[in-house]
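Working notes, beginning with the structure itself.
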Amino acid sequence: MQNESTPLSYLPVGIFGGVMGLTGLSVAWKAAHHHFGAPIWISQAIGLAAVAAFVALVIAYGVKAWSGWDTVRAEFSHPIASNLFGTPMISLLLLPFVLVDYSLALARLSWVLGAIGMTALAWVIVMRWMTLRLVASHVSPPWIVPVVGMLDVPLAVPVLQWDGLHGVMVFGLAVGLFFALPLFTLIFQRLVLEEPLPAPLQPSLLVLVAPFAVGFTAYVTTTGGIDLLAQVLYMLTLFLLAVLLGRLRHLPHCSPFRVSWWAASFPLAASAGAAIRYAAWAADPVTDAIAMVVLAIASLTIVIFLFQTLASVFKGQLKSLA
């Protein structure tokens, strides 16, 4: 194993957030197919793009680890970047939605690896928080990823056709929802009382929507229906989405594109999926309109991110994206 600087040395683990966004968007468009009659090929094409992106990133990050393990170790030791190691785990938890159409065994394997990896990472991160002395400037939206990311554990369970996993679903839901409240409070306090986040990290503010958007879907998937708590989670999703989109609308004019912007993709896709699921339950023109608007925003945003990323990669500007 060597420690040489290569173009892939600048590849951040958080780029797996793009896989999360693509997979979440595929799921949202599949829901749109069932509720609005949207063409199913849109969901399938996005899903295949997510699988291709995941395979490519696993290879690329593997090369990075082989050529410079110290770089990976430093990334995992960083108080902010280390939280983004949850993005490949969450990707594994979401990919079964796509893989199940091609191989049930592969979908199950992906979910098992993701569930084990996500649980282990959540344990490590919580232990680190309780052991190390951290400072207020370290508190940021990516802190939500490794522990509240446990909410992603229940999502794909219904498509796995496995009995006896209800307890695992409840476990993921419990850990994710329990830690969502104190972490959201800590991050909100940091945003109010400390210096603003740097411009390249501003899109990560949308991660604050994830506990409520993903929490809604995880709760409904686990319990089997939409009740008052589910409605509360969905309404909070809409409120936070409106607040944060309003804050971020001028970002493209004041900061160049960065890989960190992909952090916004999955919360948007998850919000779209939640909105369509709620619209199917409420059966109301207003909820349908909201769902279509959120889906359009998520789709447009992710398409822009994808083209920006591919353009920079083909130009050999990976370092500038980091």
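Heads up, the Cβ atoms here are built off N, Cα and C, so glycines get one too.
What TrEMBL records for 7-29, 41-63, 84-105, 111-131, 143-162, 168-193, 205-222, 228-248, 260-283, 289-314 is transmembrane segment.
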Beyond a gap of at least 6 residues from its ends, the CB atoms lying under 8 Å from the transmembrane segment (228-248) belong to 202-203, 205-206, 208-209, 212-213, 215-216, 219-220, 264, 268, 271, 274-275, 278, 290, 294, 297
Quick tally over 111-131, 168-193, 260-283 of CB pairs under 8 Å to the transmembrane segment (205-222) gives the top stretch as 260-283
Sequence-distant contacts of the transmembrane segment (7-29), meaning Cβ under 8 Å and at least 6 residues beyond its ends, amount to 38, 42-44, 46-47, 49-50, 53-54, 57, 60-61, 63-64, 67-68, 71-72, 75, 81, 84-85, 87-88, 90-91, 94-95, 97-98, 142, 259-260, 262-266, 268-270, 272-273, 276, 295, 298-299, 302, 305-306, 309, 316, 318-319, 321-322
Q | the transmembrane segment (143-162) and the transmembrane segment (84-105) contact flag, 3+ Cβ pairs under 8 angstroms | A | yes
Is it the case that the transmembrane segment (260-283) and the transmembrane segment (168-193) have 3 or more CB pairs under 8 Å, with pairs at least 6 apart in sequence?
no
Given the transmembrane segment (84-105), its same-chain partners at Cβ distance under 8 Å and 6+ residues beyond its ends are 12-17, 19-20, 23-24, 26-27, 30, 44, 47-48, 50-51, 54, 57-58, 61, 75-76, 111, 113-115, 117-118, 121-122, 142, 145-146, 149, 152-153, 155-156, 159-161, 266
